[in-house]
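Asks: Attaching a single structure in structure tokens format; questions to follow.
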Amino acid sequence: MIPTSFPPREEIARLTARMLLEIEAVHFRPQEPFTLASGLPSPTYIDCRKLISYPRIRSTLMDFMAVTLLRDAGFEAFDNIAGGETAGIPFAALVAERLGLPMTYVRKKPKGYGRNARIEGVMTEGQRVLLVEDLTTDGGSKLSFVDAIRETGASCAHTAVIFYYGIFPETIGRLQAHGVTLHPLCTWWDVLAEARASGAFDAATLAEVESFLSNPRDWQDARKPADPTKSL
């Protein structure tokens with residue numbers, strides 16, 4: 001069912017952050033930092049994949065995503081909804097259902113047998129495709145999915161995510177340079193504000209998280225493992 005009411009962006013961001021905290025998808029651990037895929041340390045970690053196990057929350061968030069897209073991209077802006085393998089697939093299916101549109105998904109790489117395709121489902125030349133993912137940090141993985149979509153002759157000018165880190169200033173520019181507009185529901189700053197309001201974390205932890213969010217590169221550089229070759 002297509003949504004017909006449009007909550008303010010600030011309220012969507014606040015409620016999204018609250019739900020992520022409620023299901024304990026948010027983790028703050030400044031004393032024992034997590035290791036990101038890049039190998040760099042981070043005091044924060046978020047697991048949006050948990051959302052699929054909470055029907056009321058996932059339904060509300062998909063309503064939020066649908067109204068965000070209708071308001072910001074247009075009511076007739078898309079012909080196909082594509083999920084990025086693998087975390088984006090369930091969310092793409094839920095958004096496609098709400099918007100009454102076909103759904104496909106994009107592999108990270110060809111599976112190496114059969115059709116050896118990156119696109120699964122029916123995507124045709126000229127279709128306007130929305131890419132759906134669970135989150136984005138610097139936007140890099142989104143561009144690979146967008147390129148795979150465009151190789152079919154379809155267009156892809158928009159990507160929607162539940163969570164956007166919002167701390168790496170180059171992200172939006174990288175996507176825009178590729179002709180892609182990002183539509184997130186909330187960022188780390190929204191989560192930090194809601195975490196403060198909830199009282200779920202101590203002041204020292206929140207201060208360290210804010211230090212990281214304000215200048216992630218410096219925070220990471222100060223905590224990177226020493227290069228053993230430099231002592232030789």
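Just so you know, glycine gets a Cβ as well, placed from its N, Cα and C.
The following feature annotations were taken from Swiss-Prot:
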- R107, K108, K111, E133, D134, L135, T136, T137, D138, G139, G140, S141: 5-phospho-alpha-D-ribose 1-diphosphate binding site (BINDING)
- T137: orotate binding site (BINDING)
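I would like each feature placed in context: is it buried or exposed, what are its neighbours, and how far apart are things?
Replies: A helical conformation is recorded for G140 (5-phospho-alpha-D-ribose 1-diphosphate binding site) in the three-state DSSP classification.
A 10 Å cutoff on Cβ-Cβ distances gives T137 (orotate binding site) a total of 19 other Cβ atoms nearby, all chains included.
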Asks: For D134 (5-phospho-alpha-D-ribose 1-diphosphate binding site), list the number of other Cβ atoms lying within 10 Å of its Cβ atom.
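Replies: Its Cβ has 22 other Cβ atoms within 10 Å.
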Asks: Express in Å, rounded to the nearest integer, the largest CA to CA distance found among the 5-phospho-alpha-D-ribose 1-diphosphate-binding residues R107, K108, K111, E133, D134, L135, T136, T137, D138, G139, G140, S141 named in the record.
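Replies: So the binding residues stretch over 25 Å, Cα to Cα.
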Asks: Using a 10 Å radius around its CB, how many other CB atoms surround K111 (5-phospho-alpha-D-ribose 1-diphosphate binding site)?
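Replies: For K111 (5-phospho-alpha-D-ribose 1-diphosphate binding site), the 10 Å Cβ neighbour count is 12.
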